[in-house]
Amino acid sequence: LHMIHLHWYQYPPMNPIMYPLLLVFMLITGILCLAGNFVTIWVFMNTKSLRTPANLLVVNLAMSDFLMMFTMFPPMMITCYYHTWTLGATFCQVYAFLGNLCGCASIWTMVFITFDRYNVIVKGVAGEPLSTKKATLWILTIWILSTTWCVAPFFGWNRYVPEGNLTGCGTDYLSQDILSRSYLYIYSTWVYFLPLAITIYCYVVIIKAVAAHEKGMRDQAKKMGIKSLRNEEAQKTSAECRLAKIAMTTVALWFIAWTPYLLINWVGMFARSYLSPVYTIWGYVFAKANAVYNPIVYAIS
């Protein structure tokens, strides 16, 4: 109770119907996420033709999503059943840390997947191909930096506290001190604004490069009096473009999933009078659903 911000005490308990609804949602989402990401990992690790450096990033994405739901799913089921957080202060902090860690690792894995697509499509043969060593280094960098940022609240830079709905825990976005707010400013930039800027830049350049390539192909075909110049290399380029569209869709879905949680944090900092416990549930709903999207998108590919 000492970790719950005074802001939440002004609200009555949530409508009891919200808890079974959230429980059912988490049950469905949890099963789909764990099964989907497990299958993704298993297929990529056991199919020799898929064990490429680029697909190591896909496996890392599936692992971060799997780990997120594996650690979030059971506690959420318990708290929804009891209508409040019953797992203690220490586990509340661990729970929030793991959620932030997996979310951070997920988005930066998507950023590196996007950058790899950029390197392949835009730079082509002039670009340095992704090696297993480089992909492994990228993955290690993702997890080390994500861990560094997410462990900071344990040492006094912000803190992990129960959410207003009391079914989960997250960063403290209601405290007014500059130390707590500075963490949220920098962390929001690190896990949202910077990745978004990099992703938008990469895809703008990719779209321009693909458009220029297609125009060149059409112009050359007209000069030669044929319908198409498509050859094996062109078909390969087309396949790379399809992969880029898949990656772009996945990144877009990730941002749709995490934007509500970002807004909750910023509303909590600057306009908390508008923030009720019920609204904080939407951050959970969208963020947890994100872990289901990725295996579906890559299975289609």
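Every residue, even glycine, has its Cβ placed from backbone N, Cα and C.
Membrane topology of Y9 relative to P277, as recorded in Swiss-Prot: same side. The disulfide entry in Swiss-Prot for C92 points, among C33, C150, C169, to C169. Proximity of distant same-chain residues to the transmembrane segment (183-204), defined by a Cβ-Cβ separation under 8 Å and at least 6 residues beyond the stretch ends, is recorded for 103-104, 107-108, 110-111, 114-115, 117-118, 149, 152-153, 157-158, 171, 173, 244, 248, 251, 255, 258, 262, 265-266, 269.
Straight-line distance linking the Cα atoms of C169 (disulfide bond) and K288 (N6-(retinylidene)lysine), rounded to a whole number, equals 13 Å.
The stretch in 56-78, 246-267, 279-300 that contributes the largest number of Cβ pairs under 8 Å to the transmembrane segment (135-155) is 56-78.
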